[in-house]
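*Asks:* In case it helps, Swiss-Prot gives these features for our protein:
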- 1-22: region 'Disordered' (REGION)
- 8-22: compositional bias 'Basic and acidic residues' (COMPBIAS)
- 76-99: transmembrane segment (TRANSMEM)
- 162-185: transmembrane segment (TRANSMEM)
- 201-225: transmembrane segment (TRANSMEM)
- 309-327: transmembrane segment (TRANSMEM)
- 368-391: transmembrane segment (TRANSMEM)
- 407-433: transmembrane segment (TRANSMEM)
- 455-477: transmembrane segment (TRANSMEM)
- 558-576: transmembrane segment (TRANSMEM)
- C600, C609: [4Fe-4S] cluster binding site (BINDING)
- 616-637: transmembrane segment (TRANSMEM)
- 681-703: transmembrane segment (TRANSMEM)
- H692: divinylchlorophyll a' binding site (BINDING)
- M700, Y708: divinyl chlorophyll a binding site (BINDING)
- W709: phylloquinone binding site (BINDING)
- 741-761: transmembrane segment (TRANSMEM)
Amino acid sequence: MTISPPESGEKNKKVLEDPVKADPRPIDFAKLDKPGFWSTKLSKGPKTTTWIWNLHADAHDFDVHTGDAEEATRKIFSAHFGHLAIIFIWMSAAFFHGARFSNYTGWLADPTNVKPGAQQVWAVVGQEMLNGNLGADYNGIQISSGIFHMWRAWGITNESELMALAIGAVIMAALMLHGGIYHYHKAAPKLEWFQNIESMLNHHIAGLVGLGSLAWAGHCIHIGAPTAALLDAIDAGSPLVINGQKIATIADMPMPHQLCDPQIIGQIFPGLASGVGNFFSLNWFAFSDFLTFKGGLNPVTGSLWMTDIAHHHLAFGVIAIIGGHLYRTNYGIGSSMKEILEAHQGDPILFPAPKGHQGLFEFMAESRHAQLSVNLACLGSLSILISHHMYAMPPYPYIATDYMTVLGLFTHHMWIGALFIVGAGAHAGIAMVRDYDPAKHIDNVLDRILKARDALISHLNWVCMWLGFHSFGLYIHNDTMRALGRPQDMFSDNAIQLQPIFAQWVQSIQASAVGTSILAGTPEGLPQKALSEVFNGSLVEVGGKVAISPIQLGTADLMIHHIHAFQIHVTVLILLKGVLYARSSRLIPDKASLGFRFPCDGPGRGGTCQVSSWDHVFLALFWMYNCISIVIFHFSWKMQSDVWGLTGGNFSQSAITINGWLRDFLWAQSSQVLTSYGEAISMYGLMFLGAHFIWAFSLMFLFSGRGYWQELFESIVWAHNKLKVAPTIQPRALSITQGRAVGVAHFLLGGIATTWAFFHARLFGLG
């Protein structure tokens with residue numbers, strides 16, 4: 001920790017004393033009638049059909065609107081409020097549907113037999129077929145978002161609470177919209193305020209994350225945990241008694257405000273009624289009934305203990321509040337990000353960068369694309385971590401036995417994470433083209449990496465080839481041996497074993513930690529329940545269904561794991577090449593002057609098409625799609641086979657050949673979606689078909705060249721001219737970049753929606 005010099009303190013003081021500019025841009029509704037008002041070229045209106053494409057491409061590219069960093073940053077800040085408003089409206093709609101149309105209370109009363117339903121479909125021309133029997137006399141559309149399980153964890157027990165939340169969310173949406181307008185038109189922050197990094201870290205880490213987590217811990221302690229205790233007791237068949245009344249049904253539950261009464265709450269958690277005296281006298285053991293470290297899963301609900309979750313959020317909130325105060329803001333004490341960065345020098349032998357991290361602070365503070373790139377990479381990785389924790393440590397009651405919800409949440413968080421990581425590559429490329437000044441980065445680590453880019457990319461290329469040939473070669477070998485009737489020569493758990501010994505070692509290390517006192521800090525050591533059951537734990541059943549069990553790994557897992565590794569490395573190769581060669585390459589030394597996206601590099605330099613940083617993102621999206629498809633296929637089949645007991649444990653012997661994947665996974669498990677017509681899941685059959693069409697539509701844009709379409713349009717325009725019905729807006733074929741963008745968008749949408757229908761019909765169809 002260091003004391004900042006007086007002039008630095010003064011500078012910070014000025015920023016925080018006068019952080020905003022009043023009335024920088026009066027509200028002008030007339031602009032809304034003029035599409036493309038932010039561009040002199042587009043605001044003139046369309047002459048060709050290219051206008052509509054440029055309108056879409058540049059509407060959110062704030063850099064090109066004004067070229068002013070302060071103005072662009074204000075727009076981003078204002079857009080955040082708009083984004084939050086949309087989220088609140090979306091949440092309000094979910095709450096409203098839950099309150100008015102769903103079977104939430106029916107599910108809450110019998111969560112192991114009743115299925116979650118969103119609404120009942122009106123009978124217009126036979127649509128009532130979609131209303132499946134979900135139990136408890138409710139016919140409607142089954143959902144798999146996990147929203148019911150989440151509401152139960154929050155402590156919501158009736159429709160009026162959901163309606164109150166719906167109204168509250170709409171009010172919050174209005175406040176957010178007002179905030180966006182206010183902070184752009186009436187009181188817009190100055191550029192210095194946005195670039196006051198330490199204050200931003202203080203506000204985000206201590207304020208938003210720390211206090212937010214602490215506030216949520218308060219809700220979990222006072223509402224969530226007591227409600228969970230009462231509901232769990234009902235579901236276990238041994239209801240609790242409050243004030244002499246047995247809480248036997250949902251109707252008997254106390255209202256949330258009643259749970260804040262010490263006299264009532266003391267009958268559930270005596271520690272909650274003991275007052276704050278124990279806190280200030282450091283007798284924190286008195287709170288151990290509602291702030292627990294039980295570990296493992298609640299045997300009634302198959303989910304983490306609500307009191308453990310409350311304890312987690314309390315601890316995390318305190319850590320974040322302390323962590324948010326590590327940085328130097330008003331008082332001259334604390335760490336400076338610039339000083340921390342510049343104190344790190346490159347290794348003189350392994351990574352010679354004489355100027356170390358000099359210039360990096362300014363680049364990260366001033367480049368919005370660089371910031372977004374790092375944030376997307378971190379958040380994407382976090383989303384992928386979440387997807388794995390959702391099944392290994394199920395947080396919400398009864399979610400672990402709702403198999404479609406488990407699979408849906410895994411798939412959702414994998415797609416989101418992967419898209420964010422590709423976005424990180426995209427914005428890193430934009431940052432290199434638009435925000436990177438080579439003169440300010442001589443002999444620092446960024447410059448050093450750019451100088452070493454040929455070695456980095458060629459080595460990564462070699463790794464990809466090695467992984468690809470070897471991992472795919474194992475499958476080719478197995479398919480060949482099976483076709484020749486030589487099972488003894490196959491790679492399998494029964495013949496030539498390729499056991500994932502490192503993964504098994506990681507699993508056993510987790511299990512071997514049980515009983516050690518070093519990690520737990522207690523004489524009796526780390527309890528068995530402190531580990532996820534997937535690490536050599538025990539099977540947990542809820543309502544006759546497997547909630548979680550140990551996940552054994554074998555040859556089939558090692559083989560598909562190396563396919564995952566291959567695809568991840570190729571995706572990274574493409575993205576990294578797009579970033580490192582965004583400004584220049586041997587083929588096109590002046591890429592930086594051509595911009596982030598350009599189709600071809602003009603006449604005279606043949607073979608220079610499709611080399612822009614944008615084109616690398618385009619290609620990476622296909623590899624990302626294939627990569628995540630195999631990941632979710634692996635998860636779906638592995639869980640159905642080895643955990644949920646739906647396919648008779650066929651994964652280990654069928655997943656070791658390509659034919660096995662095609663026959664026993666794709667073909668065998670698609671029977672539900674292909675035979676869904678006439679059933680409640682028939683919409684997934686239609687979605688499966690329609691999404692295939694969307695996917696096939698994309699190939700029209702990806703396989704054909706721009707010239708083909710332009711010639712087609714010209715002949716159609718000629719025919720119109722002959723009939724004197726020529727349009728005033730001249731038809732133009734999409735540019736190469738536009739065509740590729742339309743192609744990849746439909747490819748991803750079609751592919752993802754096809755998988756969506758396949759998964760849902762499979763698990764809903766099995767009941």
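Note: Cβ is positioned from N, Cα and C throughout, glycine not excepted.
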*Asks:* I need to check the long-range neighbours of the transmembrane segment (368-391): which residues 6 or more away from its ends have a CB within less than 8 Å of a CB in the stretch?
*Replies:* 69, 72-73, 76, 399-400, 406, 409-414, 416-421, 423-428, 430-431, 434-435, 534, 548, 639
*Asks:* Look at the binding-site residues Y708, W709 and tell me which residue has the greatest number of other C-beta atoms within 10 angstroms of its C-beta.
*Replies:* W709
*Asks:* I'd like to confirm something. Which of the binding-site residues, C609, H692, M700, has a Cα closest to the Cα of the residue listed as 'phylloquinone binding site'?
*Replies:* M700
*Asks:* Is the transmembrane segment (76-99) in contact with the transmembrane segment (407-433), using three or more Cβ pairs under 8 angstroms as the rule and ignoring pairs under 6 apart in sequence?
*Replies:* no
*Asks:* When you scan the chain for residues with a C-beta under 8 Å from the transmembrane segment (455-477), skipping those not six or more beyond its ends, what do you find?
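*Replies:* For the transmembrane segment (455-477), the far contacts come to 449, 490-491, 498, 559, 562-563, 565-566, 569-570, 572-573, 576-577, 580-581, 656-658.
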*Asks:* Within a 10 Å radius around the Cβ, which one of these binding-site residues has the most neighbouring Cβ atoms: C600, C609, M700?
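*Replies:* The residue with the densest Cβ neighbourhood is C600.
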*Asks:* By a Cβ-Cβ criterion of under 8 Å, what residues six or more beyond either terminus of the transmembrane segment (741-761) are in contact with it?
*Replies:* 57, 144, 404, 407-408, 411, 415, 618, 621-622, 625, 629, 632, 636, 669-670, 672-673, 676, 681, 684-685, 687-688, 690-702, 734
*Asks:* At a threshold of under 8 Å on Cβ distances, which of 162-185, 201-225, 558-576, 616-637 pairs most often with the transmembrane segment (309-327)?
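*Replies:* Checked against 162-185, 201-225, 558-576, 616-637; highest Cβ contact count belongs to 201-225.
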*Asks:* Rounded to an integer, what is the Cα-Cα distance in Å between H692 (divinylchlorophyll a' binding site) and M700 (divinyl chlorophyll a binding site)?
*Replies:* 13
*Asks:* Give the number of CB atoms, excluding that of H692 (divinylchlorophyll a' binding site) itself, located within 10 Å of its CB.
*Replies:* 15
*Asks:* To the nearest whole angstrom, what is the C-alpha distance linking C600 ([4Fe-4S] cluster binding site) and Y708 (divinyl chlorophyll a binding site)?
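*Replies:* Answer for this pair: 17 Å between alpha carbons.
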*Asks:* How long is the line from the C-alpha of Y708 (divinyl chlorophyll a binding site) to the C-alpha of C609 ([4Fe-4S] cluster binding site), rounded to the nearest angstrom?
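*Replies:* Y708 (divinyl chlorophyll a binding site) to C609 ([4Fe-4S] cluster binding site), Cα-Cα distance: 17 Å.
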*Asks:* Provide, as an integer number of angstrom, the distance between the C-alpha atoms of M700 (divinyl chlorophyll a binding site) and C609 ([4Fe-4S] cluster binding site).
*Replies:* 19
